[in-house]
Amino acid sequence: MMNLKEMFQLSDRGAKDLKKGIFACTLTNLSLMLSVVITVQIFWEVLTPLTGGAVSWSKMWMLFGAGVVAVVIHFLCCKNDYRKTYVSCYTAAEDSRIRIAELVRKFPMSVFNNKDLTELTTNMMGDCASIEHSMSHIVPPLMANAISCTLICICVMFFDWRMGLSIFCTLPISFLIIFGSRKAQERGSQRQVKAKLKASEEEQEYLEGIRIIKSCHLDGERFSKLNDALKDLKKQSIHMELGTSVFISIAQFVLQAGIGITVFVGVHLLTGGSITILPLLLSLVIVCRMYGPILTILTLLPMLFHTLVSTQRMRELASIPVMEGRTDVPIPNHAITFDHVSFAYNKEPVLKDVTATIPEGKITALVGPSGSGKSTMSRLIARFWDVSTGTVKVGGADVKTLDPEYLMGTMSFVFQDVTLFNDTVWNNIKIGNLDATDEQVLAAAKAACCDEFVQRLPEGYNTLLGENGSTLSGGERQRISIARALLKDAPIILLDEATASLDPENEVLIQSAISRLIKGKTVLVIAHRLRTIADADQILVLNNGEIEESGTHADLMAKGGLYQRLYQIQAKSQEWAV
Ligand SMILES: Nc1ncnc2c1ncn2[C@@H]1O[C@H](COP(=O)(O)OP(=O)(O)OP(=O)(O)O)[C@@H](O)[C@H]1O
């Protein structure tokens, strides 16, 4: 049988806290029964004149006093229950979210090809929220009610087994109805979760593409896709709720038939002289008090089944193999080698038997037609993906054996599509090296030609950049990413040159920033504008996943092959005018 930790994908701390929450909730439930017992005693005392006796006021005062103590005990139990339950649920949700975030960091990029970001966001936020809700509002009351009901059931059985049987005889049938419908309820939950994912995906696509939608008048078509997804979500949610409520209602109806049975059996036993009025009274109070928690259990169980669908998805996420490797392998130099490397994202080969060396401290340019595999080569160096055959080595160490974060410590990336965080300019630069001093951050910003445009921003380096730095121009964003790389000061630089034509001023600034960045480093530059790499120490020409030519600019121009053709086409294109 699965334990709580496994069932809800909790950390050790989360499982321990959940047990504490259940214990506290059980105490609260039992403390409530104290007042029931005292109420029955008071009734009994009040009814004494009916049996020819007299009310004992000293006993009555004692019972009132006990009632006040019972209320105080119940209040203290509730307080403890709230504290334990809510601390445990929010701590567990925090642990789960952090664990998923750490897992995601270690996933190979192939995972992101099969899973989109909406699904991961749903895992991180939706599923964790569902577990958070279960741990606060479902599991502790469910378990506590089950424990306290069992204890009370045992006590009642000892007190009078016939009354006990009549109170609880409908219970097994109600539970059978709920458990018997579990598969159907889970299917409903899965369909609802699927519809939720689809709706989130459509919403995200709609919002991200809003500019294209407006400019191309796609409002009707794109909106109808979103509309359909939202309608389906509504339909699945209603089906799920209605499907569940049918079973809950039947189970509750069956359970409440127990009240009639208790009254019937009680009166029968009383008139037959088998019991006195006190056990009958006690049974009636218990049946009224007990059915509340049992009805709650019947309602909470389907919610628990729903949560278990979420935890199953988290279990699947946790079972994806992460990229691991060693951190104690020395990397004595920073030359990079490709040794008979072949690679495919899916079935179609993208790199075919590539063998090449990117020498230490030199600039190697990678050129070739679009889709020839240039970016793929740089991704394999950084171990974003693992090669299918052959080896990629950095400083003689096979990157497949290295821990991805350890490997990443040796290199800096400057991509075309710069990712900026919704934070200040300063913090966006500092991401390159969180241990850098203020002087170092400022020096990197100046060397990357950022200082001048940052000074013009309303709050300088403290200006918030907005989501993905949407307030900056392409050239400014690229300069921030160069400043990050300068700050990181890694020995290997992987540079993806901007394809978008920059204005001459920006281009000069970026070129000068890049020259500072690459000084003395092992550089692999993916070049789109061939004139910028004429001085590279080595140029590798990729075509259709194979290295077709290599040499210096002069060698390749003299050879008259693909490089020369590409160079001439670009030179011609610069003469074009609109
Ligand atoms: N994540 C991915 N999943 C599947 N296929 C991919 C993925 N990334 C790239 N490809 C495919 O691999 C091939 C090589 O892509 P790559 O980005 O390496 O080419 P490139 O030479 O850098 O192109 P460009 O100059 O246009 O940026 C292309 O056919 C592309 O469609």
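Using N, Cα and C of the backbone, Cβ positions are placed for all residues, glycine too.
TrEMBL: automatically predicted annotations, no manual curation.
Copied from TrEMBL, the annotated features are:
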{"type": "DOMAIN", "residues": "97-304", "note": "domain 'ABC transmembrane type-1'"}
{"type": "DOMAIN", "residues": "336-569", "note": "domain 'ABC transporter'"}
{"type": "TRANSMEM", "residues": "21-44", "note": "transmembrane segment"}
{"type": "TRANSMEM", "residues": "60-78", "note": "transmembrane segment"}
{"type": "TRANSMEM", "residues": "142-159", "note": "transmembrane segment"}
{"type": "TRANSMEM", "residues": "165-181", "note": "transmembrane segment"}
{"type": "TRANSMEM", "residues": "242-265", "note": "transmembrane segment"}
{"type": "TRANSMEM", "residues": "277-305", "note": "transmembrane segment"}
| Long-range Cβ neighbours of the transmembrane segment (242-265) (under 8 Å; 6 or more residues past either end) | 162-163, 166-171, 173-175, 177-178, 181, 184-185, 188, 283-284, 287-288, 291, 294-295, 298-299, 302
| Under an 8 Å Cβ to Cβ limit, what residues of the same chain, 6 or more beyond the ends of the transmembrane segment (277-305), are close to it? | 29, 32-33, 36, 39-40, 43-44, 47, 134, 138-139, 141-142, 145-146, 148-149, 152, 156, 159-160, 163, 166-167, 171, 174-175, 178-179, 182, 185-186, 189, 244, 247-248, 251-252, 255-256, 258-259, 262-263, 266-267, 269-270
| query | Mean pLDDT, the domain 'ABC transporter' (336-569)? | reply | 87
| query | Does the chain bring the transmembrane segment (142-159) near the transmembrane segment (60-78), so that three or more CB pairs sit under 8 Å (pairs 6 or more apart in sequence)? | reply | no
| message | Given a Cβ distance threshold of under 8 angstroms, which distant residues of the chain, six or more beyond its ends, lie next to the transmembrane segment (165-181)? | response | 153, 156-157, 247-248, 250-252, 254-258, 261-262, 264-266, 283, 286-287, 290, 294, 298, 301-302
